[in-house]
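Asker: Before we start, here is the structure in question, set down as structure tokens.
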Amino acid sequence: MDLADLVKDVKRELSFSELKGKRVSIDGYNALYQFLAAIRQPDGTPLMDSQGRVTSHLSGLFYRTINILEEGVIPIYVFDGKPPEQKSEELERRRKAKEEAERKLERAKSEGKIEELRKYSQAILRLSNIMVEESKKLLRAMGIPIVQAPSEGEAEAAYLNKLGLSWAAASQDYDAILFGAKRLVRNLTITGKRKLPNKDVYVEIKPELIETEILLKKLGITREQLIDIGILIGTDYNPDGIRGIGPERALKIIKKYGKIEKAMEYGEISKKDINFNIDEIRGLFLNPQVVKPEEALDLNEPNGEDIINILVYEHNFSEERVKNGIERLTKAIKEAKGASRQTGLDRWF
């Protein structure tokens, strides 16, 4: 769901110094897809090992997580569980979009169109269960806390934030705000220079912060009303939304009538355009399936041997680079723990 037009006046650039010593609950699937999209060879294909297995996600997870830790940020990776049944239409839409992109990719290959090769190679990204499990395995070896969500990862990341177990949720999507996150950090795992699609132009990507309380105050609405706006625009549970209604119009409607049903009562929205259960979708955001972690979400000492086994022996990473990464990781975890303790002490003074 795209709330970009509504958050543009309240989002702000976030420096890593502001994040130092703080825990951030990261939408793991979202981060892995970002790594798959960003870490590519010149022809647009992902990094692979000698057996042809994709390794872009592991490369991004290892090195980017180290970078984040070196800034004093403590990452908690949250992974999706079983998606709600209401998401099936959106998942089917994504599957068909990938099939169409695969056809266009083959055409681009036969015609030698390099830019289209890159474009459609990214569009066919798939994150398999094996890739997810090996990502978790790597994170455990690195000493990074992970949380397995019962359902939506973003909902769980937001829940950890609500519980005070993280300072913010991190994702490129805005759904975490609807799920109740107090703060949303974007661009945490993709900071750096990125090429604009279909242009030979690079832009600097920096972390952004959106604070829910400030957003709601600026818009003059409640979280429940923001959820209604999301439903009108279209969410993962009703991807088409209401035809002809974008973010600005949705905001005007909800501010005028308070909720979707009232707008329907006054004829602002036609009942025939509602082919989904409004209360059901609201419930998915207001009362999502989440779980309170039983284990402490602390950083642990990295297991260098396990990291080398996963990256070097299983996936042909450079042993020298990985060993250098382990040294950086060990030092960064030690310093991040110190920064976290200092942040805790600062609250008392």
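Every residue number used here counts from 1 along the chain in the order it is shown.
Using the three backbone atoms N, Cα and C, a Cβ is placed for every residue, glycine included.
Below are the features I grabbed from Swiss-Prot:
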type	residues	note
REGION	1-98	region 'N-domain'
BINDING	Asp27, Asp80, Glu152, Glu154	Mg(2+) 1 binding site
REGION	116-258	region 'I-domain'
BINDING	Asp173, Asp175, Asp236	Mg(2+) 2 binding site
REGION	341-349	region 'Interaction with PCNA'
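Each of the listed features needs to be described in terms of its position in the shown structure.
Answerer: When pLDDT is averaged over the region 'N-domain' (1-98), the result is 91.
Sequence-distant contacts of Asp80 (Mg(2+) 1 binding site), defined by Cβ-Cβ distance under 8 angstroms and a gap of at least six in the same chain, are Gly28, Tyr29, Ala149, Ser151, Glu152, Gly153. Secondary structure from DSSP puts Asp80 (Mg(2+) 1 binding site) in coil.
When Cβ atoms from all protein chains are considered, those within 10 Å of Asp236 (Mg(2+) 2 binding site) total 22, not counting its own. Asp236 (Mg(2+) 2 binding site) falls outside any helix or strand according to DSSP and counts as coil.
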Asker: In the structure shown, which of the binding-site residues Asp27, Glu152, Glu154, Asp173 has the fewest other Cβ atoms within 10 Å?
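Answerer: Across Asp27, Glu152, Glu154, Asp173, these binding-site residues, the one with fewest Cβ atoms within 10 Å is Asp173.
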Asker: Taking 8 Å from the centroid of the Cβ atoms of Asp27, Asp80, Glu152, Glu154 as the cut-off, which other residues in that chain fall inside it around the Mg(2+) 1 site?
Answerer: Gly28, Tyr29, Asn30, Val78, Ala149, Gly153, Ala155, Glu156, Ala157, Ser171, Asp175
Asker: With every protein chain in view, how many other Cβ atoms are within 10 Å of the Cβ of Asp175 (Mg(2+) 2 binding site)?
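Answerer: A 10 Å sphere around the Cβ of Asp175 (Mg(2+) 2 binding site) contains 25 other Cβ atoms.
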Asker: What Cα-Cα separation, expressed in whole Å, is found between Asp173 (Mg(2+) 2 binding site) and Asp27 (Mg(2+) 1 binding site)?
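Answerer: Given the Cα positions, Asp173 (Mg(2+) 2 binding site) is 9 Å from Asp27 (Mg(2+) 1 binding site).
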